[in-house]
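Just below is one structure, and these are the notes that go with it.
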Amino acid sequence: MRQQFTVNIGEDVLDDLRKRLSLTRWPDEIDNDEWKAGTRKSYLQELCAYWQTEFDWPAQQRHLNSFKHYTAVFDDITLHFIHEKGQGRTSLPLLLTHGYPDSFTRFLKLIPLLTKADEDGFSFDVIVPSIPGYGFSSIPTTRGMDPSKIAGLFGRLMMEELGHQKFVAHGGDWGSTITEMLTRLYPANMLAIHLTEIPFIHLFSIPESALTQEEKHYREKGKLWQQTEGAYAMIQSTKPQTLGYGLNDSPAGLAAWLIEKFHSWSDNDGNLESALTKDDLLTNLTIYWSTGTITSAIRLYYETAQSQYATDGNKPSQTEKLQTPTGVSIFPKDLVTAPKAYANRIFNIQHWTEFKEGGHFAAMEKPELLAKDIRTFFKVSTGRGK
């Protein structure tokens, strides 16, 4: 049974945060104006000073609470989720799944664009859960919380708790993997899915001998990205607990670790705040900090690396091509973009849009573009556009 939920971060938590920020021991730095060695010191100092003295958390909390929040319990996991009903004459249930280093806040700008009725009176009932171990969902206390298990929980949320036996889903980053697993687990219930990238786990899922030259180039780009940008994923996949001690104890350290990804993965021409505001960034950071979920969030990488979900007979294969209609929005400053032909080896690609601007956090950076593409695809794929 779902319960209403209100975001309420205690003043004692905020006071402790500000004190810790004031006591930050700043490291030295050499020639890092372009962030090539990681988060630039001068920007991090500016951001942390704003976080300590100017950031208006009560205003952000009021904005968060302008959405309808709930929790529901499934076995030993409490799922937090936003549920906003569509304003149209007809509404299609739509599950939105976030990723890392963001949270459910990834979709705050997108929700009102999707619940609004279009000229045909069509809208979406939007459900945005927090992945277990992220935000206000509970932290798993046992091993095995991988994308397949998360997808199972989200399926239960949609079908058992909310009563949606047929629905559509969208995801980015981890959300793309979880959305894929949803349709592998529940093919009869998923009307269509929409992604902002092909899950990175598929980089090596097709035999080399079967690849075209374009697809081989994609794989080589992926290997290069792993070497130059993928160190964070390697340590999070192997030693998340070691990393967690520092990130959970220092808000400046937490900010440095997460903000570097927002800088590297957004379409910003070197100026992060041309894509995302300080308030965008710090609302997300404050949720990570106040809930103490950075270790559990990065543990998802470890659980995925340790998981046997690709070969376990109780879990779906990830090599069999999906039949569920799939739409994809490609943004130029996202990570490593798979060619359409490669994506079609894994998914039933029926809609593919390549945009000229935007990055990995498209729902935050370019919500209007993404909302329009989501709406266009799902109206056609579900027959609502007739």
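Heads up, the Cβ atoms here are built off N, Cα and C, so glycines get one too.
TrEMBL entries are annotated by machine, without manual review.
Annotation source TrEMBL lists active site, nucleophile at D173. Marked as active site, proton donor by TrEMBL: Y301. Annotation comment: TrEMBL describes H360 as active site, proton acceptor. Annotation comment: TrEMBL describes 3-107 as domain 'Epoxide hydrolase N-terminal'.
Look at the active-site residues D173, Y301, H360 and count other Cβ atoms within 10 Å of each Cβ; Y301 has the fewest.
In this structure, Y301 (active site, proton donor) is part of a helix by DSSP. Mean pLDDT for the domain 'Epoxide hydrolase N-terminal' (3-107) in this predicted model: 98. For the domain 'Epoxide hydrolase N-terminal' (3-107), the DSSP-based tally of helix, strand and coil residues reads 37 helix, 25 strand, 43 coil. Here the CA atom of the residue listed as 'active site, nucleophile' lies 8 Å from the CA atom of the residue listed as 'active site, proton acceptor'.
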